[in-house]
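Features as listed in Swiss-Prot:
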type	residues	note
DOMAIN	1-106	domain 'Thioredoxin'
SITE	ASP26	site 'Deprotonates C-terminal active site Cys'
DISULFID	CYS32-CYS35	disulfide bond
ACT_SITE	CYS32	active site, nucleophile
SITE	GLY33	site 'Contributes to redox potential value'
SITE	PRO34	site 'Contributes to redox potential value'
ACT_SITE	CYS35	active site, nucleophile
Amino acid sequence: MVYQVKDKADLDGQLTKASGKLVVLDFFATWCGPCKMISPKLVELSTQFADNVVVLKVDVDECEDIAMEYNISSMPTFVFLKNGVKVEEFAGANAKRLEDVIKANI
């Protein structure tokens with residue numbers, strides 16, 4: 001499942017609901033070409049690993065406060081959280097790395 005976060009309170013609620021699962025925060029922008037390219041792979045992976053992974057998309061233009069909190073400077077940036085703790089982060093539309101990091105952390 002891929003869910004687009006509306007604001008900080010929404011993100012906090014989603015993180016609480018995802019307790020025990022790997023959370024992938026996808027920081028993106030609607031105008032970002034690489035973000036659009038990686039999006040179908042992210043949907044595919046969220047379906048493939050639905051029992052263990054929650055994908056939360058964060059539009060950096062709509063949720064600037066969240067992007068600032070996570071020090072996001074380029075898109076897409078993926079932040080991986082487990083039980084509220086960051087376990088990995090990388091920037092760029094690298095589908096292989098995205099899949100590898102998910103598999104390594106579920």
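Cβ atoms are placed via backbone N, Cα and C, with glycine included.
Here the structure is a predicted model, which means the values were calculated and not measured.
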Between CYS32 (disulfide bond) and ASP26 (site 'Deprotonates C-terminal active site Cys'), the C-alpha gap once rounded to whole angstrom: 12
Pairwise CA distance, CYS35 (disulfide bond) versus ASP26 (site 'Deprotonates C-terminal active site Cys'), rounded so that it is a whole Å: 9
Within the predicted model, mean pLDDT of the domain 'Thioredoxin' (1-106): 96
Three-state secondary structure, which DSSP defines for ASP26 (site 'Deprotonates C-terminal active site Cys'): strand
Which same-chain residues, if any, lie at least 6 apart from GLY33 (site 'Contributes to redox potential value') yet have Cβ under 8 Å of it: none
Pairwise CA distance, PRO34 (site 'Contributes to redox potential value') versus ASP26 (site 'Deprotonates C-terminal active site Cys'), rounded so that it is a whole Å: 12
